[in-house]
Amino acid sequence: MAKPLSITSSLPTFSVTWRAYFEMTKPKVVALMLLTVLVGMCLAVPHAVPVQPLLAGMLGIAMMAGSAAALNHLIDRRIDGLMARTYNRPLPKGRISATRALIFAASLGSLGFIVLYSLVNPLTAWLTFASLIGYALVYTAYLKRATSQNIVIGGLAGAMPPLLGWTAVTNEFHGHALLLVIIIFTWTPPHFWALAIHRRAEYAKVDIPMLPVTHGVEFTKTCILLYTVLLAIACLLPVLVGMCGPVYFVCSSLLSTGFIYKAWQLKYRDHDGSAMQVFRFSIYHLMLLFMALLLDHYLWN
């Protein structure tokens, strides 16, 4: 006689499945994005952020960002299976079907939109929806495969989070929030191009026209260096308009100098692993830069 299926025997499968769904939301990327959302919220008000827009805003934006990431997994499942960096993702490995991934992404995005629309404000809900469409459809489904400037153009969607945080609290646009968008928009190309140099052969294999594939590695190194200089200028804009004080100025200057130096090393002192060093440094650069914005806001202002 067959033994009845116990509840405990189904738990491992349940755990593995939900880990796969969680992986599809790109939690590390979303965590860094939420830091920029939080900074946008905090800089929008002189004192403490109201509890409801803080909690509901972070939750709704996180859910819609996770939805966009899941759609990215779904759309890229074929090329992900051919690349060493991504072949072990849930969809290429068959841990989740394409249909279930679509249902998950649609459900998560819809719930996030409802949270933002009903508990925060319609402006933030629609802006977050526009960012989702920009990343998941405009960038992933079209630009990524259409042009070597995919990261430059598509980077606008990924630069929106500080603005989303700002509007979640104030329900309006502000020039200061747009300065934060400009910083992330300028940061995005050197960040991704460094990774693209390291993974150039893989992108070429799947016909993704990343800049190192279409224009060569040396040209891309030059672009990275030039963009880090442009980023350093963009990072000074909050100081020039009186948005930030000396705490941010010092931190920003040090971080920008470090990023430019790493890019210079990549261009003129390249060695195995240099591109990934630039890539990793760029992550710390953005994280520490926005923490400096937060620190300056409460210590100086």
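Note that the numbers count up from 1, one per residue, in the order the chain is shown.
A Cβ is built for glycine as well, from the same backbone N, Cα and C atoms used for every other residue.
Now, the feature entries from Swiss-Prot:
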type	residues	note
TRANSMEM	29-49	transmembrane segment
TRANSMEM	51-71	transmembrane segment
TRANSMEM	101-121	transmembrane segment
TRANSMEM	123-143	transmembrane segment
TRANSMEM	150-170	transmembrane segment
TRANSMEM	177-197	transmembrane segment
TRANSMEM	223-243	transmembrane segment
TRANSMEM	244-264	transmembrane segment
TRANSMEM	275-295	transmembrane segment
Which sequence positions outside the transmembrane segment (275-295), separated from its termini by at least 6 residues, show Cβ-Cβ distances below 8 Å to it?
32, 35-36, 38-39, 42-43, 162, 180, 183-184, 187, 190-191, 194-195, 197-198, 224, 235, 238, 244, 247-248, 251-252, 255, 258-259, 262-263, 265-266
Looking at the stretches 29-49, 51-71, 123-143, 150-170, 244-264, which one shares the most CB pairs under 8 Å with the transmembrane segment (177-197)?
150-170
Top partner of the transmembrane segment (29-49) among 101-121, 123-143, 150-170 - counted as Cβ pairs under 8 Å:
150-170
